[in-house]
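Undergrad: This is the structure, below, for whatever I ask next.
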Amino acid sequence: MYQPLNLTIGVTVFAVGKYTCFIRPFLESAEKFFMRGYQVHYYLFTHNPAAVPRVLLGPGRLLSIIPIQGHSQWEEISMRRMETINKHIANRAHQEVDYLFCLDVDMVFHNPWGPETLGDLVAAIHPGYFAVSRQQFPYERRQLSAAFVADNEGDFYYGGAVFGGRVARVYEFTRGCHMGILADKANGIMAAWQEESHLNRHFIWHKPSKVLSPEYLWDDRKPQPPSLKLIRFSTVEKDNSWLRS
Amino acid sequence: MVYAQPKVLTPSRNDVLVLTPWLAPIIWEGTFNIDILNEQFRLQNTTVGLTVFAIKKYVVFLKLFLESAEQRFMVGHKVTYYVFTDRPADVPQVPLGAGRKLVVLTVRNYTRWQDVSMHRMEMISRFSEQRFLHEVDYLVCADVDMKFSDHVGVEILSALFGTLHPGFYSSSREAFTYERRLKSQAYIPRDEGDFYYAGGFFGGSVVEVHRLTKACHQAMVEDKANGIEAVWHDESHLNKYLLYHKPTKVLSPEYVWDQKLLGWPSIMKKLRYVAVPKNHQAIRN
């Protein structure tokens, strides 16, 4: 159904500081599994273009390297992503792609990720919270924050590592999250899980049109439950303290 | 809004399919929260058009159709009834709720009931372009010899929807009464077909309904030129169209039912839009 539409799928991915070490496994596995047969445009945001390895891409697939400022605090880098993606869409991506996915770089594809994931506004269920009640979701619980979610609210806990949709919807979404992040900054507060907290609040009020199961956002440190038939995209083993230093 | 948390590991129904292989939801009671959906559609100030044809003696069905729609169809949203008739004087005066209006569209009739049925496609297609596009967001195209017996709301709305025919939801595709003669534009081979859709309840956005009705009308014109008429008329052509242009939502047989013929099986938690008894001989003239 999607192939005749000649779509281009964009992917934003951020590799700042030591995270450049994840670029090769991410891109190589994406070449094998992500949107095979479609036109794909990777937008790689990095402070160090020289550190980007040469990865061979298939036909109809492009990589653009976009330099951004590094930052000493990893939380800051993480939260600026919303603003960066939003500006990038306005400058470029809206003309170049039909759909856009925003993915974390410290991940690897293990199985096909195809057009079944396309939708107007797409979120993915966080692998750590699909079987718990909403009171236990790590939402931001301080009312002062723009990302605040009350105990009796919430559908699913979505992972910040995967979201996407039609380019115009992603533009609105990232803008909304960024506004919340700015409001918090002005109030001297940072949400519990940075932009993931804002993403979660936003998805309650602007419900995604499609939700990806934890097959699309898995944590390899977890044992694979029977309900999970296939793992398509999951975290890479890493040492957070080294990476973030 | 406060509502129960959706449970990832608990399917909403374990007795029926709730998603087609192309990821379109199949709408059954229990699969949706109407409060969430109402809020989403009200935020868009959605207007729904309901087309219904009351030609010759079929005007007699209008009163019950409209009165039951007032109670159960898209309550709380803006609705425009488009009543196509050759007898505008016989359209009953039914009191309408706020935000709801009725437009009478005078059209010609046809001698044969098959032609009356089939020309609905042509008429909807023509009026979609001229009028509906500017007046409503979604169109629902319904048979008139029916009544709304339970809630029919925004849960059905999407770009393109069809309804599972109540006589065939448990049949295999070889038994579907598709048109099987190669000569017809509505031809579907025995090893193809997803579902058998009912001709009496379909719809979608105005743009998509226009595309569908235009395509079906053109296919029927082609068939006529080739001296053939599809076995189930506009319903055969509808099925061909939806096979190659997959609907974005599919309604369960709750949305088109005949209690006299089919009773009330346990998988049907609600009977929402049901046949009204009629004397086929008398009414089809």
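Glycine is no exception: its Cβ is also placed from the backbone N, Cα and C atoms.
From TrEMBL, for reference:
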| type | residues | note |
| --- | --- | --- |
| BINDING | A:F14, A:A15, A:V16, A:Y19, A:D104, A:V105, A:D106, A:H126 | UDP-N-acetyl-alpha-D-galactosamine binding site |
| BINDING | A:D104, A:D106 | Mn(2+) binding site |
| ACT_SITE | A:E196 | active site, nucleophile |
Undergrad: How far apart, in Å, are the two Cα atoms that lie farthest from each other among A:F14, A:A15, A:V16, A:Y19, A:D104, A:V105, A:D106, A:H126, the residues recorded as binding UDP-N-acetyl-alpha-D-galactosamine?
TA: 23
Undergrad: Looking at the binding-site residues A:F14, A:V16, A:Y19, A:H126, whose Cα is closest in space to that of the residue listed as 'active site, nucleophile'?
TA: A:H126
Undergrad: Would you mind listing, in sequence order, the residues at least six apart from A:V105 (UDP-N-acetyl-alpha-D-galactosamine binding site) in the same chain with a Cβ closer than 8 Å to its Cβ?
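TA: Listed in sequence order: A:V13, A:F14, A:A15, A:Y19, A:F22, A:I23, A:F26.
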Undergrad: Restricting to the chain of A:D104 (UDP-N-acetyl-alpha-D-galactosamine binding site) and a gap of 6 or more, list residues whose Cβ falls under 8 Å of its Cβ, or answer none.
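TA: When sequence neighbours closer than 6 are ignored, A:D104 (UDP-N-acetyl-alpha-D-galactosamine binding site) has A:V13, A:F14, A:G160, A:A161, A:V162 within Cβ distance under 8 Å.
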Undergrad: Name the residues of the same chain, 6+ apart in sequence, whose Cβ is under 8 Å from the Cβ of A:V16 (UDP-N-acetyl-alpha-D-galactosamine binding site)?
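TA: Those within reach of A:V16 (UDP-N-acetyl-alpha-D-galactosamine binding site), by Cβ under 8 Å and sequence separation of 6 or more, are A:F45, A:T46, A:H47, A:I68, A:G70, A:H71, A:I77.
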Undergrad: Where's the emptiest Cβ shell within 10 Å among the recorded positions A:D106, A:E196?
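TA: So among A:D106, A:E196, the recorded positions given, the one with the fewest Cβ atoms within 10 Å is A:D106.
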Undergrad: Including all protein chains displayed, how many Cβ atoms other than that of A:Y19 (UDP-N-acetyl-alpha-D-galactosamine binding site) lie within 10 Å of its Cβ?
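TA: A 10 Å sphere around the Cβ of A:Y19 (UDP-N-acetyl-alpha-D-galactosamine binding site) contains 23 other Cβ atoms.
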Undergrad: Translate the DSSP assignment of A:Y19 (UDP-N-acetyl-alpha-D-galactosamine binding site) into the three-state scheme.
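TA: The residue in question, A:Y19 (UDP-N-acetyl-alpha-D-galactosamine binding site), is helix (DSSP, three-state).
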Undergrad: Looking at Cβ-Cβ distances, which residues of the chain lie under 8 angstroms from A:H126 (UDP-N-acetyl-alpha-D-galactosamine binding site) while being 6 or more apart from it?
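TA: The list for A:H126 (UDP-N-acetyl-alpha-D-galactosamine binding site) reads A:F156, A:Y157, A:Y158, A:G159, A:P214, A:L217, given in order along the sequence.
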